[in-house]
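K.L.:
My structure is below; once you've seen it, I'll send some questions.
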């Protein structure tokens, strides 16, 4: 008998899997040795190969069209089909992989060809990123960073009216596991009048939620807030690597540039909005006394849906920790509930002036810190601007990242009576700078 | 007999053509009614169709490979081949179209199929823009804009050390002739505490040089300044439409966003670096007393080459002027010599931290104003922050753009003993805002 709230799969490793039970079913792009990259679905310790599944005739109708669009070497064509096609594919996948699936014997007979072990697969960037936009909706982060510069007045006057964002670099968005090289650049060392050139000395991570855009809008048109949710294809984790010393010197007056454009790492799985739907938390959208959003940012259904309740974790493993066999150490545990603006507000704002969004565009939420130090999503915050070092299990200390450090982001959703789901990991190890 | 300094073409309209004589030969993407877009070369009043030219066997060796790469619906594959392939194609085209060309009879026999009239063609965006970056190298513009905010100290301390730039929006880069819709957005009206929402009331153009990137670099690597020139595929005109009132309210702390991302217009022809080579002007790279660039931005050959000497013009034709048959009116005549940083410095800086550049990436120079009011490349400057209106030939006045205004950018290179060349036009008419 199927428990509707906790359905089981005939893929044994899916049942009780912390990240990829039957309820999750995130999409990604993977390859096994000797084969071309193709779309797949995470289920337990396996990936369902959408090319093999299509060839085996497992789908029909709208779900088949969606599965075919998702079976290529990137998910852009699938994202372009929009939310109804995604829901059709999700429903079909849920049926195929559920315990009582009529297709079970057929699928089991296909064996590893249909369901290779994830451990044998390489995961790729799930979509070609057209444009990448980084927002700044983590209000505690904005407060913490603002305090370093303006102790009495940390939030700028526009913060509670405008979902602040800026354009990031699409070409260097890379998938989890890609090593990241410490950037060279200009900095103005304290007390000096002329800048120096060399490797960044204040290299940092930023813990963010990534948002993949589905169906877009034409140039000159916009996406109304009431429809914004239908334009989101899914979610991932995002590490917005940041060189704080480069940033401080370069960012006036046009914003961050080399401080951010050397790398942005995303987790490989695209978690569908439908999988996250049960994990919302009713909270007042904004504290009493805060200004009401302008009408183009206000939608009753969006406000009523509540914030996402997704635990976000940053861990660090230094080279010495790896050598000593020490596990990655948690540096922070935060939550998406600290977003001051909803994803629908971000989509509506981004497009309201006529900016064209396209399938495969990527948004970052901005750093999602909580109010407490153990919830801070960047080292700039955790080290209080580099003034207070963290101690690692190896006995090493950190204000900012050292070469060889691996930064690992994780996300998990838990709720009473629901199977928990996770995002998989977003990892990146820091390589030394090129010689200057 | 061929005059080496002023070679003639057997295409009559090329000889003495103000924009497209034999010396220029810019590449673009065009279509004639009923045919797919393809690469072509501007020559006088005609376009040489590279698909037809390839099919007719007009090229051989490296030039043929380059022509084939440039004959598709975008020039990215051609840009990726790099500078030697471009020079081979240019040499072959020069030979084919010169007065004494052995291929002349063969080419003339192909008639309109090989050389359709430009007036019968539609011009397209020449490349798919991967990432678009806008710089800020026009020092007079930086000074003029800075003065509006900080009269005593207009230039920020980093300006003479860092080629300041920021990431723009690639999805809304559009080709000349594309109408542009006035954006809606938030502004903070003077004297108010809460923002309003509606159409921008301070819509502006920015007169910029566009730079198309050719061969790129791998993520984590960089392009040394000595090699930067070889990574530039060509040049165009660029209008960085700007909503000043949106910009003033949104730009702190992360830079311009909705104020710029609704549209960026480029001219359709990619003018090759080789065509611009004669139009350089020896000028001290920077005023005495200015700081020397850091070594990664300093190259003796780059400094010795001198600034580009390209006249840049902005014209405006209002709806009333069109109705009255009044010609577009010049609002400014500036020059690329007002760039504080060279293009090689922009390329070297952009990539020095490991940011990957790719073929078809686009740079804007930033507004290139001269020191005098009649050289100002934006209305923000020409109207002194909206305080002093310009009078048009129709009797109308302007501080910022009105609906129906068409903004036209032109560029021309002149030098004694050289045929002058031009860039063609970068035009865009402003449509009224959507209803809010």
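If you go along the chain as it appears here, the first residue is 1 and each next one adds 1.
A Cβ is built for glycine as well, from the same backbone N, Cα and C atoms used for every other residue.
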K.L.:
Going by the substrate site in TrEMBL, where A:150, A:247, A:251, A:367 are listed, which of the candidates A:132, A:136, A:340 is also part of it?
P.N.:
A:136
K.L.:
Of A:134, A:299, A:302, A:309, which does TrEMBL put in the Ca(2+) site with A:206, A:208, A:240?
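P.N.:
According to TrEMBL, the candidate sharing the Ca(2+) site with A:206, A:208, A:240 is A:134.
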K.L.:
Please identify, from the binding-site residues A:206, A:240, the residue with the sparsest Cβ neighbourhood, meaning fewest other Cβ atoms within 10 angstroms.
P.N.:
A:240
K.L.:
Please work out the mean pLDDT for the residues of the domain 'Fumarylacetoacetase-like C-terminal' (A:140-427).
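P.N.:
Mean model confidence (pLDDT) across the domain 'Fumarylacetoacetase-like C-terminal' (A:140-427) is 96.
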K.L.:
Within 10 Å of the Cβ of residue A:247 (substrate binding site), how many other Cβ atoms are there?
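P.N.:
Other Cβ atoms found within 10 Å: 21.
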K.L.:
List the residues in the vicinity of the Ca(2+) site, defined as same-chain residues other than A:134, A:206, A:208, A:240 with C-beta within 8 angstroms of the site's C-beta centre.
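P.N.:
Checked against the 8 Å cutoff, the neighbours are A:207, A:238, A:239, A:242, A:260, A:264, A:364, A:365, A:366, A:367.
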K.L.:
Nearest to residue A:240 (Ca(2+) binding site) by Cα distance: which of the recorded positions A:141, A:150, A:247, A:260 is it?
P.N.:
A:260
K.L.:
Let me know the most crowded of the recorded positions, choosing from A:141, A:150 and counting other Cβ atoms within 10 Å.
P.N.:
A:141
K.L.:
For the binding-site residues A:134, A:208, which one has the sparsest Cβ surroundings, going by other Cβ atoms within 10 Å?
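P.N.:
Looking at the binding-site residues A:134, A:208, the Cβ with the fewest others within 10 Å is that of A:134.
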K.L.:
Sort the binding-site residues A:206, A:251, A:367 by C-alpha distance from residue A:264 (Mg(2+) binding site) and give me just the closest.
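P.N.:
Closest recorded candidate to residue A:264 (Mg(2+) binding site) by Cα: A:206.
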K.L.:
Identify, in sequence order, the recorded positions in A:141, A:150, A:206, A:240, A:247, A:264 that approach chain B with a C-beta to C-beta distance under 8 Å; the answer is 'none' if none do.
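P.N.:
Listed in sequence order, the recorded positions near chain B come to none.
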